[in-house]
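See below for the structure under consideration.
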Amino acid sequence: MSSESKEQHNVSPRDSAEGNDSYPSGIHLELQRESSTDFKQFETNDQCRPYHRILIERQEKSDTNFKEFVIKKLQKNCQCSPAKAKNMILGFLPVLQWLPKYDLKKNILGDVMSGLIVGILLVPQSIAYSLLAGQEPVYGLYTSFFASIIYFLLGTSRHISVGIFGVLCLMIGETVDRELQKAGYDNAHSAPSLGMVSNGSTLLNHTSDRICDKSCYAIMVGSTVTFIAGVYQVAMGFFQVGFVSVYLSDALLSGFVTGASFTILTSQAKYLLGLNLPRTNGVGSLITTWIHVFRNIHKTNLCDLITSLLCLLVLLPTKELNEHFKSKLKAPIPIELVVVVAATLASHFGKLHENYNSSIAGHIPTGFMPPKVPEWNLIPSVAVDAIAISIIGFAITVSLSEMFAKKHGYTVKANQEMYAIGFCNIIPSFFHCFTTSAALAKTLVKESTGCHTQLSGVVTALVLLLVLLVIAPLFYSLQKSVLGVITIVNLRGALRKFRDLPKMWSISRMDTVIWFVTMLSSALLSTEIGLLVGVCFSIFCVILRTQKPKSSLLGLVEESEVFESVSAYKNLQIKPGIKIFRFVAPLYYINKECFKSALYKQTVNPILIKVAWKKAAKRKIKEKVVTLGGIQDEMSVQLSHDPLELHTIVIDCSAIQFLDTAGIHTLKEVRRDYEAIGIQVLLAQCNPTVRDSLTNGEYCKKEEENLLFYSVYEAMAFAEVSKNQKGVCVPNGLSLSSD
């Protein structure tokens, strides 16, 4: 999309003294459809509306020094009073604010219904995503249970569902696998030690001095990463550095999730085929995994393959029906739970594990394991991994909470959301859990089934508690291929983003490129590197946009004080001898040369004019030998007898957000070059920040502050008045464009 179609309107305050009511209530412009510039010129004898200078008095800045500022801040934040203590407690525990006001009659039915449905959906997904995180199934149930309870206490969003999220599970799984390899564990060390660990004992590996087996060490790594990620999130909330999420644009997050979805799909392929393959990590793991899959395709377990196909044939159409008829269905069909129950019964009574060597979930213990402190020795190894995990987690949580709050007309506190998601990771990390965040799919289900408040999270937790205390062992015979299918089917939303690309391309090609770069790097390199590449590329695109910004000459809309781009609109009026130039970007060291070249190209190049004058003077010298004083006299005569048509350049600064020292120096240089050939430079519509920069940078002297105007129209009127006062003859028809 060209910037001309989005040019800003520069509307100056009309002269109230004139009482002019002749302006039309609406301004109609016709977009320029042709390559040639079509505009009208004022006649030379036209009179500009009477010129009156706009004067605005600036607010006086307080002279508070740094010491006084610090003292005031400390007094404000460090005072202890009953009222302040109460506000702090209520702010940290939002449940104490809204729960006493809970409307039981109005909200209870919707909250219970949505909580039940989300809980039913979470049971199979929690078990399935545990495999993605490299953990035993019970740990996924723990994670969803504790996250639901803690967010109920600390969260400010009424609608988001906090629990396991596929992309974070993938990132946890990659870290866990790497640490398992570093510790010397391999696929052979997968003894079912959950029952032993749950009884408080440890298992000694016969080949080493390890204090626990592979699954025990895996959750140790996962809980340590989760603890550090939670600490990062709480620290970001405490220091109010949520601005980090600003660098994660919607295009970047969408591309990252889509790229990670390919990695998730790839990691689940071995379960669908029943292959016993090592999990690959690092750069290019997606390609390496598929190479391993095709090399071992002849070892496919037909029982697992048939089960996977049958589950896909049931899950995909039903999920599509749920989505297509969600407005007519009171609640989505819990097809995942139906498939899990049916597959578990078929596997148990058909003895698929014993007869066909089908891989199953295995023993899932009931109850809760004793809390355990994260492994401090692992912190140096996983601290860097936790940075990306924490940023993705809070960015998705905050963006979803703000989106649904806006939709339903209430507000959320971004910092409190960071506290909430941080403690949803810190506290559960002591109870054998891994990282959580909000998830869009479950949040949409929660909203569509009548959720009103955070109380629905308690109902979800009760459903999970029932499974943990009673039902969990019944999933012993559940095939892992079924869990893999559930994981893959839930990737539909992320993979459908490809359908949005044509629309995204028509809106912003730059965002589309960011999406592709982030998606490809996340899929082909790794999730962490993909996120880093996406952030760096987004920042590069921002710099690129300001390095080569759009600029244009402006014309006056007839019978108004509105100025628009002559290259975008037709029938705009151009005042002879005055060029109005708009630069759509901050003016700083990166784009200063672009500013000068665009200005010189679209108006007149003062350097070329001075060179032409010098050449003309030299020709005069060759024709007639004169003294040095004579040369100066001849040049002065030459200049006075060949006046330029262009006498004023007005720079519209409305789109210039800020200036740096290089930008101020560039404006000084431009002004000096133009004044050398008799053209005055005026600045219009400078915001207060730009005005302060110009004043501090000594762009003009105190008596020259009249060269800064509050509107483009005011600057144009001033230029005409000053030209008429000087009595300069302005010839018509002379073009000075340097094109």
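For all residues, glycine too, the Cβ spot is worked out from N, Cα and C.
Among the candidates Ser16, Ser25, Ser35, Ser693, the residue that Swiss-Prot annotates as phosphoserine is Ser16. Taking Asn20, Asn199 one by one, Swiss-Prot attaches N-linked glycosylation site to Asn199. When other Cβ atoms within 10 Å of the Cβ of Asn357 (N-linked glycosylation site) are tallied across all protein chains shown, the result is 12. Sequence-distant residue pairs (6 or more apart) of the transmembrane segment (455-475) and the transmembrane segment (112-132) include at least 3 whose Cβ atoms are under 8 Å, placing the two stretches in contact.
Residues 92-95, 122-123, 125-131, 163-164, 194, 219, 222, 361-362, 364-365, 368, 400-401, 404-405, 411-413, 416-417, 419-421, 423-424, 427-428, 431-434, 436, 438, 454-455, 457-458, 460-461, 464-465, 467-468, 472, 475, 483 of the same chain lie 6 or more positions beyond the ends of the transmembrane segment (137-157) yet place their CB under 8 Å from a CB of it. Cβ atoms under 8 Å from those of the transmembrane segment (112-132) belong to residues 138-141, 143-144, 161, 163-164, 166, 169-170, 173, 264, 267-268, 271, 331-332, 334, 336-337, 339-340, 361, 364, 442, 445-447, 449-451, 455-464, 467, 475, 478, 480, 483-484, 486-487, 490 of the same chain, restricted to positions at least 6 beyond its ends. Contact between the transmembrane segment (420-440) and the transmembrane segment (524-544) does not hold: fewer than three of their C-beta pairs are under 8 Å, each pair 6 or more apart in sequence. Predicted-model confidence for the domain 'STAS' (568-719) is 80, expressed as mean pLDDT.
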